[in-house]
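Enquirer: First the structure, then my questions, so here it is.
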Amino acid sequence: MLLQRSLLPLLPVLLLLAGEVPLAAARGGMRVDIDEETWPEVLAGGRWFIKFYAPWCDACRSLAPTWQNLAASEDLPRDVSIAQVDVTRNEALAGMFLVTGLPSLYMLHDGQFWQHSGDRSLPALLRYIQQAEYARLPPLPWYRVPTALHMRCLGRLIQAAVRLKKLHTHLVEERGLPSPLAYLVLALATLVSGLVAGLVLVCLCDLLSARRRHRQQEAAAVPGDAKGDSAKVDKPDEASGEDSDELAESPRPATSGQQVRKRGVRKETS
C-alpha cells in the first residue's frame, strides 16, 4: 500500500511515456515532445513555452538540463506547458516557425507568438513566464505567424526539400551513385511526378467541367422544348387574330340599294 501511494504521483508520467495520455492531460509542469500530429492540440489554448532543438546541437545539449528543471519547477504556473520540438523529425514545424538558429524558444499565448532572445538561465526563464515579460514585447508580425497559410506552405516546402536531401544522401552513401547522377535522378523523378500530377489534375478538371456542361444542357433543353411547343400552338391563334383585325378594318362592299341612294344624293346636290 505504501509503495502504491509513492507511485501514485508518477502515474501521469508513466502513462504519458506509455502513450496512453493525450497531450492536453499532460499540460502544466511537465516537458512535452511536440510533433505534427499533436500540434493542433497545442493550438487549442493555454500557454506553451516551446524549444526547437536538434540532437547534434551542442548549444541544445547545454540548455537541456535547464529546460528539464524549468518543466519540473514548483514555481512554474500550472497553466504553462513546457514543450520541445526535434527539428530533425519535424521539418514542417521548424519551417512554419522559420527556425534559423538552435536552440530557438517561442512563447504561445492566446493565438500570439513571441520569440525569446534574452537570458536563458533558469531564474530568467521563470521570471519571463511568471511576470509575462513576453506580453510587453511585440509579438511576431502577421507574415511570421506559424499558423498563417503561407507559413504552413513554407513549412511543407522545407519538409520536401529536406526529404529530397536525405534521399540524395541515401543514393550517394548507401547506393554508391555519384553525386551528379543522384541529383539527375532526383530532378527527373521530380519532373515526372510533376507531369503526372498535372495530367491527373487536368483530367479531373475536364471530367468535372464535362459533367457540368452536360447538366446545363439538360436543364436548358427542357424549357426550350416547352417554349417551342407553346410557340407553335400560339402561332395559329396569333394568325387568326391578325386576320380578324384585318377583316375588321377592311371596308365592306356596298349593297345595290346603298349605291342607288348615293347616286340620288349626288344628283340632288348637283
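Each Cβ is built from the backbone N, Cα and C atoms, and glycine gets one as well.
Bear in mind that the values here come from a model prediction, so they are computed numbers and not experimental data.
Okay, so TrEMBL annotates it like this:
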type     : residues : note
COMPBIAS : 226-238  : compositional bias 'Basic and acidic residues'
COMPBIAS : 239-248  : compositional bias 'Acidic residues'
COMPBIAS : 260-270  : compositional bias 'Basic residues'
DOMAIN   : 15-134   : domain 'Thioredoxin'
REGION   : 217-270  : region 'Disordered'
SIGNAL   : 1-26     : signal peptide
TRANSMEM : 181-208  : transmembrane segment
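Could you tell me the structural context for the features on the list?
Expert: The domain 'Thioredoxin' (15-134) scores a mean pLDDT of 88 in the predicted structure.
Note on the transmembrane segment (181-208): residues 164, 167-168, 171-172, 175 of its chain, located 6 or more positions outside it, place their CB under 8 angstroms from a CB of the stretch.
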Enquirer: If you run through the domain 'Thioredoxin' (15-134) with DSSP, how many residues end up as helix, strand and coil?
Expert: 44 helix, 28 strand, 48 coil
